[in-house]
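Among the features that Swiss-Prot reports, active site is placed at ASP254, HIS303, with the record citing similarity to another entry. Look at Swiss-Prot and you will find ASP170, ASP305, ARG322, SER354, SER355 tagged as arginine binding site, backed by similarity to another entry. Under the heading compositional bias 'Basic and acidic residues', Swiss-Prot lists 52-61. Residues annotated as region 'Disordered' in Swiss-Prot: 43-63.
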Amino acid sequence: MLRVRCLRGGSRGAEAVHYIGSRLGRTLTGWVQRTFQSTQAATASSRNSFAADDKATEPLPKDCPVSSYNEWDPLEEVIVGRAENARVPPFTIEVKANTYEKYWPFYQKHGGHYFPKDHLKKAVTEIEEMCNILKMEGVTVRRPDPIDWSLKYKTPDFESTGLYSAMPRDILIVVGNEIIEAPMAWRSRFFEYRAYRSIIKDYFHRGAKWTTAPKPTMADELYDRDYPIHSVEDRHKLAAQGKFVTTEFEPCFDAADFIRAGKDIFAQRSQVTNYLGIEWMRRHLAPDYRVHIISFKDPNPMHIDATFNIIGPGTVLSNPDRPCHQIDLFKKAGWTIITPPTPIIPDDHPLWMSSKWLSMNVLMLDEKRVMVDANEVPTQKMFEKLGITTIKVNIRNANSLGGGFHCWTCDVRRRGTLQSYLD
């Protein structure tokens, strides 16, 4: 519009056009030059910043807050779970396949509601005492955020309420200076990772590597909807045939189905961990680590650490009720195979999600110190004969929620180096 009006004004209009154009040109030219110079400076600054960031993201091992290669090096920092707000999971097919028949009425009645409050209160007290003892032993203790697990959530494939943040071992595994979030397989545990994000982000900001495995959809195809469960005999037959409630529709695994011995990590195919999940871990950790699949005579495999618990270099507790099919692999490597004593937990004590063999689900503070249940005297004597000092803590009520000391913890930092114990 300005140019049209000026042209109508004759020669003065033309001069005005020339004047305005020249001024506008000089203004634009100056602006472009300044912008270009500013962009160059910003780019140079960004390059320097990125270079600095590159240097900052690879800390020396001694500076990284996350560093653990096995189950027995001196423990410096650990995450301990919470019993607060724990809910009974809805009685879905994957829960049914992982629990014993005598507890099915409990799940049918209480699914989606709190665990018995008195029992939960005792469990909270026990875990607080466990944390205090760990601190007295010189270990830094971190705790997940409190979460309201009663909230119902819905995805395009399912809806559920939550479970708890009691067992960090189930969802987190530390390999070197990397912390890996497992995808899980129970729908009630889909959002369990949220309780740990504050801690993990802190580790990440301080230099740790952080990986989240592919999150499964947990659609119906992940589960064998017709999985036949009628008796222990049925479970034995199915396990022997390699049949589980989870299919190979997509990768899934719980971190507790893996146990570490330096460069070698042992995993089992279970009700919550499929071969695709193990393969994802194998590819992700190669070539620095070797993932081996081992199996057991177990009618209900779920989490390896109450069946096969490595307590030192070349030393493993092997459950006599669930013998390892590949035990010769360890014998040939010169390992010491220890058979733990029969647990003495009373028959009437509720174990809604686990077996009595939580007695061997111990936490090594180092090669010469172990955290063991105060009630399990035979297990204590076994360790004492091995020259290992027992740190006795009562977590009998906490056991009812599905785990022992190893399950209730995730060792974040142990003082040690990457070695091979199988060659």
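Even glycines carry a Cβ here, placed using N, Cα and C.
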Residue with minimal Cβ packing [other Cβ atoms within 10 Å] among the recorded positions HIS303, ARG322: ARG322
Report, in whole Å, the straight Cα-to-Cα distance of HIS303 (active site) from SER354 (arginine binding site). 10
Please give the greatest C-alpha separation between any two of the arginine-binding residues ASP170, ASP305, ARG322, SER354, SER355, in angstrom, as a whole number. 20
Counting every protein chain shown, other Cβ atoms within 10 Å of the Cβ of ASP170 (arginine binding site) number 26
Does ASP305 (arginine binding site) have same-chain partners at least 6 apart in sequence with Cβ under 8 Å from its own Cβ, and which are they? ARG169, ALA256, ILE259, ASN361, HIS406, CYS407
Cβ neighbour count (within 10 Å, all chains shown) around SER354 (arginine binding site): 21
Which one is it, among the recorded positions ASP170, HIS303, SER355, that lies nearest to ASP254 (active site) by Cα separation? ASP170
When a 10 Å sphere is centred on the Cβ of ASP254 (active site), how many other Cβ atoms does it contain? 25
Cα-Cα, ASP170 (arginine binding site) versus HIS303 (active site), nearest Å, comes out at 8
